[in-house]
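Below is one structure. I have some questions about it.
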Amino acid sequence: MSTIAGESSSSSKMPENSQPTTTEKGSEYLEQLANEAEELRKKLDQERHKLNDIPIQQAAERLDVMGALGVKQRRILKGHVGKVLCMDWSLDKRHIVSSSQDGKVIVWDGFTTNKEHALTMPTTWVMACAFSPSSQMIACGGLDNKCSVVPLSFEDDIIQKKRQVATHTSYMSCCTFLRSDNLILTGSGDSTCAIWDVESGQLIQNFHGHTGDVFAIDVPKCDTGNTFISAGADKHSLVWDIRSGQCVQSFEGHEADINTVRFHPNGDAFATGSDDATCRLFDLRADRQVCVYEKESILFPVNGVDFSLSGRILFAGYGDYRVGVWDSLKCARHSVLYGHENRISCLRTSPDGTAVCSASWDCTIRIWA
Amino acid sequence: MENIKASTEQLCAEANIQRKKVSEVSKELLDFCEKNKTNDMLVSGPTDQHNPFQEKKSCSVL
């Protein structure tokens with residue numbers, strides 16, 4: 001537990017592919033720019049390093065160790081016949097939407113485990129799904145490169161009401177509504193994120209900056225600011241200004257694809273999970289990585305992370321079928337939840353913090369509380 | 001060329017932001033957790049009202 005940050009070393013991988021320019025002047029200018037970028041990079045690293053004074057686990061020594069939690073599997077939602085790829089809670093803290101590799105999207109009552117709606121999408125691999133804030137609509141999509149919305153009602157055949165809202169040039173990996181039922185934020189394999197107007201299907205803002213597939217996005221719960229975060233195959237997490245479309249901060253540290261990202265409930269920090277088998281905590285105000293959650297015995301990718309209501313627990317769903325329960329402040333693993341029989345693909349805490357839900361390639365969704 | 005220019009501008013903007021020390025943000029994270037601890041059912045257990053997910057399903061058992 002000695003290292004807190006894995007950054008600094010591999011800072012530059014930039015200007016190698018600089019194209020040969022026709023004029024001497026052009027190449028001089030290019031060189032000058034590259035030097036400038038290198039200097040800035042160094043300065044940035046130094047500045048961030050300077051602020052790394054006391055590790056968080058040392059500050060957390062004054063806290064009591066968490067006792068036994070009594071968290072165990074309370075519900076199992078069965079009905080998918082393919083790998084479950086994504087799930088999302090309704091703000092009513094009760095309903096759950098899930099999507100799977102065989103093209104099905106199911107809306108569940110989490111209390112009773114009943115299926116309330118089921119629809120079949122035209123393509124398989126529905127990689128993303130989301131509940132709207134009013135709980136009256138869901139959004140989903142994936143390999144079809146599209147994000148579609150479906151209003152939920154018991155009167156009609158809801159698939160007839162399905163509408164396409166967004167189109168990317170590659171698969172859609174993640175989506176979430178933004179503050180209302182009218183705006184949707186999507187992330188894609190085309191390495192961009194975008195905000196769309198649900199009613200008109202118009203692109204409101206797009207976000208260019210990632211150099212690889214985007215796998216995850218998140219919006220702060222206490223949504224006062226105008227930011228969101230995204231992360232993906234380029235190992236970087238980017239913070240975006242929603243209004244300007246500009247990237248305002250970028251965070252590095254992971255050594256492989258980032259699969260999942262989630263804001264801390266305070267809205268100023270966020271956690272990530274990666275193929276490098278670690279979770280990490282980054283803080284926007286410190287502009288750097290604050291903690292790494294890792295163990296030598298953990299070798300599998302993290303595909304879902306989320307915090308408990310106070311932020312004390314970081315839940316992580318792994319490729320080794322387990323849910324790791326981390327003390328986010330002491331940076332130590334508290335316990336492990338067993339149950340799934342294949343890799344976990346997605347994990348979310350319920351909006352009021354009463355339960356954690358995990359989706360898995362074992363075709364089930366499980367609720368832990 | 002455009003790429004390098006853009007990324008230099010990006011770095012420039014990032015280099016100029018205000019930062020806090022890790023000790024400061026750690027303290028804020030700790031305080032936030034302590035303040036919200038009693039409402040965090042997964043840490044402190046259900047308070048006066050039950051956690052609906054921890055109640056047994058009415059028609060469970062076998």
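Using the three backbone atoms N, Cα and C, a Cβ is placed for every residue, glycine included.
From Swiss-Prot, here are the annotated features:
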| type | residues | note |
| --- | --- | --- |
| REGION | A:1-28 | region 'Disordered' |
| COMPBIAS | A:1-24 | compositional bias 'Polar residues' |
| REPEAT | A:79-109 | repeat 'WD 1' |
| REPEAT | A:121-151 | repeat 'WD 2' |
| REPEAT | A:167-197 | repeat 'WD 3' |
| REPEAT | A:209-241 | repeat 'WD 4' |
| REPEAT | A:253-283 | repeat 'WD 5' |
| REPEAT | A:297-327 | repeat 'WD 6' |
| REPEAT | A:339-369 | repeat 'WD 7' |
So, by DSSP, how many helix, strand and coil residues make up the repeat 'WD 2' (A:121-151)?
0 helix, 15 strand, 16 coil
Give residue numbers and ranges for long-range contacts of the repeat 'WD 4' (A:209-241): same chain, 6 or more residues beyond its ends, CB-CB under 8 A.
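Same-chain contacts beyond the ends: 170, 173-176, 178-179, 185-193, 247-252, 254-263, 265, 267, 270, 272, 274, 282, 284.
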What counts of helix, strand and coil residues does DSSP assign across the repeat 'WD 1' (A:79-109)?
0 helix, 18 strand, 13 coil
